[in-house]
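Student: Shown below is the structure under consideration.
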Amino acid sequence: MKIGAQVWRALAKSCLLCATLGCLHFPGSRGGKPDFFETKAVNGSLVKSRPVRSVAEAPAPIDCELSTWSSWTACDPCQKKRYRHTYLLRPSQFYGELCDLSDKEVEDCVTNQPCRSQVRCEGFVCAQTGRCVNRRLLCNGDNDCGDQSDEANCRRIYKNCQREMEQYWAIDRLASGINLFTNTFEGPVLDHRYYAGGCSPHYILDTNFRKPYNVESYTPQTKCEYEFTLTEYESYSDFERLVIEKKTHMFNFTSGFKVDGVMDLGIKVESNEGKNYVTRTKRFAHTQSKFLHARSVLEVAHYKLKSRSLMLHYEFLQRVKSLPLEYSYGEYRDLLRDFGTHFITEAVLGGIYEYTLIMNKDAMEQGDYTLSHVTACAGGSFGIGGMVYKVYVKVGVSAKKCSDIMKEINERNKRSTMVEDLVVLVRGGTSEDITALAYKELPTPELMEAWGDAVKYNPAIIKIKAEPLYELVTATDFAYSSTVKQNLKKALEEFQSEVSSCRCAPCRGNGVPVLKGSRCECICPGGFQGTACEVTYRKDIPIDGKWSCWSDWSACSGGHKTRHRQCNNPAPHKGGSPCSGPASETLNC
């Protein structure tokens, strides 16, 4: 069933009419200053001139389209159910008709086939969760089953732990599955509240922690220096390729969905922080603005998971046990939606503070400044690189000039300066400390110290090493584990294709398309609005190329298979940048 088309389209027409009449409000990134002034060709920089709004017609609505229903599976002998599903062919966009939320169907059935789903348990079978635990864990005061059945009908409780101990910081988040296609944490897949009777204390900062059974190590890091790495980018294209895309990209796995090495955990592009970052920085695409990116990483702990005999969370355990043995994408897709695509095997916990100074090239040249001067002075203001005086001398800039640069940065919201924007991104710590840093002109030692103290007790997961979720399906817990594992791997391949934003139609003005469920949205750069980012004051904006979706893999030939994609979603025009990355991939087979 499709819903809400008339409402969406009426809203689209009213928004377009409102834009035509000039009643839309575009909030600027600087206090009170609109960010949608026309781009004049004065060395390519953004120069404020009399605005003329573009009223380009919004693209036609695109209706959501689902595939036809698959055939019903055979009746599953253990679940006594059969299944069918549909999948997304085309997402809705630009106020097109939405798809019915139901993309699978299940119905009861009868079969004479025997069910052999039980794994033999030599210990105690938990009443509700079905977990198998050692009998020595009964009546020990811990909820080893996850349903308290191991503590029921006890004449006496023999506690292993005689005193209360704390949970490791962020331990529940580390036990969650993670969707690496969207950089989001999902439901719990591991039980980090299970201790197998272990009660060895682990002291960190005078706090006594209890180590979960699944955890191999949780090592505190004692280095507490706030060192900044400052990097200069002479163009937006370099900044986008080396900074933005690394933060917001969707992982593109080629084979096996393995993650090689420890990697930075990016941000969710449709989150508030992701939208703010993309909107404000993309505003300066195809200008001659210069970028100074500063980054400080504070590590507070390193985490490592055991490599075998893991205790799964009972919710995940039951969901996997309820999967049909005959492959049905709809059921396996729901598991991936609810529990993610991967689980974390190693992690770095801590905080990241970073800011980006966006500088007007013409104003810098008029003031006889270089980006190196700004880098030295911004770093010197925080004491980076030793004595501030030595920093000034080393780069050949006077203390007065550095003072003027800092004044330009601090007064950018009050008057026109060579600083076009200061974009801050903070991860880790409490909301109060994050807010204080995010709205400060530049970080002070006092603010950084307060934030660092908060990060110790509220760390974010900033780097991870991960394995595909199907690696948790082992013969220890599941009958027919090899069949379920292969089904889950196949579903992961289909899921990657179905959730990719390459399915979305191009947004105008270099907007970023985001696929949310079965609907695409455009995240617009500053200076653009509308459902497709079609409303703007700017003219003749170069359009950067974006990739289409990958083709299916070819048949295996000569020990190799290939797939291809095209730079046509959209193709670059008006001097826009070409797509980065390969147009084809080849794998051994």
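The backbone N, Cα and C atoms fix where each Cβ goes, and this holds for glycine too.
Marked as disulfide bond by Swiss-Prot on the basis of similarity to another entry: CYS75-CYS109, CYS78-CYS115, CYS121-CYS132, CYS126-CYS145, CYS139-CYS154, CYS161-CYS199, CYS377-CYS402, CYS502-CYS549, CYS504-CYS520, CYS507-CYS522, CYS524-CYS533, CYS556-CYS589 (among others). The domain 'LDL-receptor class A' annotation in Swiss-Prot covers 120-155. Marked as domain 'MACPF' by Swiss-Prot on the basis of sequence analysis: 157-503. The annotation domain 'EGF-like' is assigned in Swiss-Prot to 404-534. Swiss-Prot lists 544-587 with the feature domain 'TSP type-1 2'. Per Swiss-Prot, the feature phosphothreonine maps to THR417; the stated evidence is similarity to another entry. The region 'Disordered' annotation in Swiss-Prot covers 570-589. The transmembrane segment annotation in Swiss-Prot covers 201-206, 209-213, 251-258, 261-268, 328-335, 338-343, 378-385, 391-398 and rests on similarity to another entry.
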Student: What subset of the disulfide-bonded residues CYS126, CYS132, CYS402, CYS502, CYS504, CYS533 lies within 10 angstroms of CYS522 (disulfide bond) at the C-alpha level?
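Tutor: Of everything listed, what lies within 10 Å of CYS522 (disulfide bond) (Cα to Cα) is CYS504, CYS533.
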Student: May I ask for the distance between CYS145 (disulfide bond) and CYS109 (disulfide bond), taken between their Cα atoms and rounded to an integer number of Å?
Tutor: 32
Student: Could you tell me what the rest of the chain brings near the transmembrane segment (209-213), counting residues at least six beyond its ends with Cβ under 8 Å?
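Tutor: Tertiary neighbours of the transmembrane segment (209-213) are 161, 165-168, 171, 191-196, 198-203, 306, 311.
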Student: Cα-Cα, whole number of Å: CYS549 (disulfide bond) versus CYS75 (disulfide bond)?
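Tutor: Cα of CYS549 (disulfide bond) to Cα of CYS75 (disulfide bond) measures 35 Å after rounding.
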Student: With H, G and I counted as helix, E and B as strand and the rest as coil, say where DSSP puts CYS520 (disulfide bond).
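Tutor: The residue in question, CYS520 (disulfide bond), is strand (DSSP, three-state).
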Student: Rounded to a whole angstrom, what is the C-alpha distance between CYS75 (disulfide bond) and CYS115 (disulfide bond)?
Tutor: 11
Student: Which sequence positions outside the domain 'LDL-receptor class A' (120-155), separated from its termini by at least 6 residues, show Cβ-Cβ distances below 8 Å to it?
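Tutor: Same-chain residues near the domain 'LDL-receptor class A' (120-155) but 6 or more away: 161, 191, 193-197, 311, 313-314, 317-318, 321.
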Student: Please report the three-state DSSP label of CYS502 (disulfide bond).
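Tutor: CYS502 (disulfide bond) sits in a helix per DSSP.
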Student: Taking Cα-Cα distance, which of the disulfide-bonded residues CYS161, CYS507, CYS556 are within 10 Å of CYS524 (disulfide bond)?
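Tutor: Taking CYS161, CYS507, CYS556 one by one, the ones whose Cα falls within 10 Å of CYS524 (disulfide bond) are CYS507.
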Student: Below 8 Å Cβ to Cβ and six or more residues apart, same chain only. Which residues does that give for CYS126 (disulfide bond)?
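Tutor: Looking at Cβ-Cβ distances below 8 Å from CYS126 (disulfide bond), excluding near sequence neighbours, one finds CYS132, VAL133, CYS145, GLY146, ASP147, SER149, ASP150, TYR314.
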Student: Measuring Cα to Cα, how many Å separate CYS109 (disulfide bond) from CYS78 (disulfide bond)?
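Tutor: Here the two Cα atoms lie 11 Å apart.
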Student: Which residues does CYS533 (disulfide bond) neighbour through Cβ under 8 Å, counting only same-chain ones at least six apart?
Tutor: CYS507, ARG508, GLY509, ASN510, GLY511, CYS522, CYS524, PRO525
Student: What's the CA to CA span in angstrom from CYS402 (disulfide bond) over to CYS589 (disulfide bond)?
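Tutor: Each residue's Cα considered, CYS402 (disulfide bond) and CYS589 (disulfide bond) end up 59 Å apart.
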